[in-house]
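Features of the protein shown, as given by Swiss-Prot:
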ACT_SITE  Glu205  active site, proton donor
ACT_SITE  Lys339  active site, proton acceptor
BINDING   Gln163, Lys339, Arg368, Ser369, Lys390  (2R)-2-phosphoglycerate binding site
BINDING   Asp242, Glu287, Asp314  Mg(2+) binding site
Amino acid sequence: MSAIVDVYAREVLDSRGNPTVEVEVYTEDGGFGRALVPSGASTGEYEAVELRDGDKSRYLGKGVLKAVENVNEIIAPAIIGFEVTDQVGIDKTLIELDGTENKSKLGANAILGVSLAVARAAADELDMPLYQYLGGFNAKTLPVPMMNILNGGAHADNNVDIQEFMIMPVGAKSFREALRMGAEIFHSLKAVLKEKGYNTAVGDEGGFAPNLKSNEEALQTIIEAIEKAGYKPGEEVMLAMDVASSELYNKEDGKYHLEGEGVVKTSEEMVAWYEELVSKYPIISIEDGLDENDWEGHKLLTERLGKKVQLVGDDLFVTNTKKLAEGIEKGVGNSILIKVNQIGTLTETFDAIEMAKRAGYTAVVSHRSGETEDSTIADIAVATNAGQIKTGAPSRTDRVAKYNQLLRIEDQLGDTAIYNGIKSFYNLKK
């Protein structure tokens, strides 16, 4: 195997027109890897820190020249000479170089860019697809897509409180068919919204962001779109929600303010509301149903719905094994959202997925609202046989890049490719 001979970072743009970090890694035998780093709009309190310059004269303070400099001046000299396949050793070095709990010294955006680019360079040098390099010969499960087709909350400028309403084509026989179903429902939803006189502009993640009257109207409209596309809600297609409750939570009164609906709810009332929605609609997954620090609320939600609904921790667990271990011990949630930039290295990302699986939790590999053309998460989803991916609507190139990569992977795998559909929810007792 050959050593790393050069590491270079530059400032580029993400899908929201904000700067982000791109890293290139070169090896002595001609291996090359490039990675771009995503960023979130609603971020968890305990996430690894994304380093921004704060210089208001450039990009409204959102520049990443400091993170780029950290790669070029500090990280590069430390990892040049490493065997490119020594992912664990390189990631360990990156963590030690930073020396902080939350990667605030060098920036998670600097560290992650390097970690991902190293893996890509190693795969390139071995002439292997990235998913196979990361996951070995058993990497063959295509994920069920969790497609965000209606947006509210921090991802949209409207009066819907719930941040994401998603569809999951669980009845498909292959990923290709699932993607087709999702795209057809997406177009069907556009037609339904037009008929109702609603706006059909899309939000950060490619979903529509109309000014609906209530959260329930969003669910009803999606059901209508599924049926109009010729599919059966609750059989072929399930619904999923990302509530992003930390954005609704008011620390002063300890309650949830659903401003779109003009109501204030306690944790218990939020749980009761979810129970009501689950009884009326085919909802199979709820993400961040309560605030990231409302462990008692999450425990109650898990007790009430944890056997029949996937309860995903995003802000709650922030792809962090310490937070996840606490959740497992307390019996909170039954699934973790995996965002590579929440933790900052590939090794730690894989550790979180492994810990989740050992505890019988599902793992959902996810994009961020600020994305790029980088499709690494598609390969990670297959490499880890995670079974689910959350990467937006089948619209906007930054989202579709991941879906197209999954189509390529399914093609490469041929007859060995697996699409588990509803069986991906292995910990639910339906």
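For all residues, glycine too, the Cβ spot is worked out from N, Cα and C.
Structure with Swiss-Prot features highlighted.
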residue	record	contacts (Cβ under 8 Å, 6+ apart)
Asp242	Mg(2+) binding site	Asn148, Ile162, Gln163, Glu164, Met166, Glu287, Asp288, Val312, Asp314
Lys339	active site, proton acceptor	Pro38, Gly40, Asp314, Val318, Thr319, Ser366, His367, Arg368
Lys390	(2R)-2-phosphoglycerate binding site	Pro145, Met146, Asn148, Met166, Leu337, Val364, Val365, Ser366, His367
CB-centroid shell, 8 A cutoff, Mg(2+) site Asp242, Glu287, Asp314, site residues removed: Gln163, Glu164, Met241, Val243, Ala244, Ile286, Asp288, Val312, Asp315, Leu337, Lys390
Local backbone state of Ser369 ((2R)-2-phosphoglycerate binding site), from DSSP in three classes: coil
In three-state DSSP terms, the structure that the residue listed as 'active site, proton donor' belongs to: coil
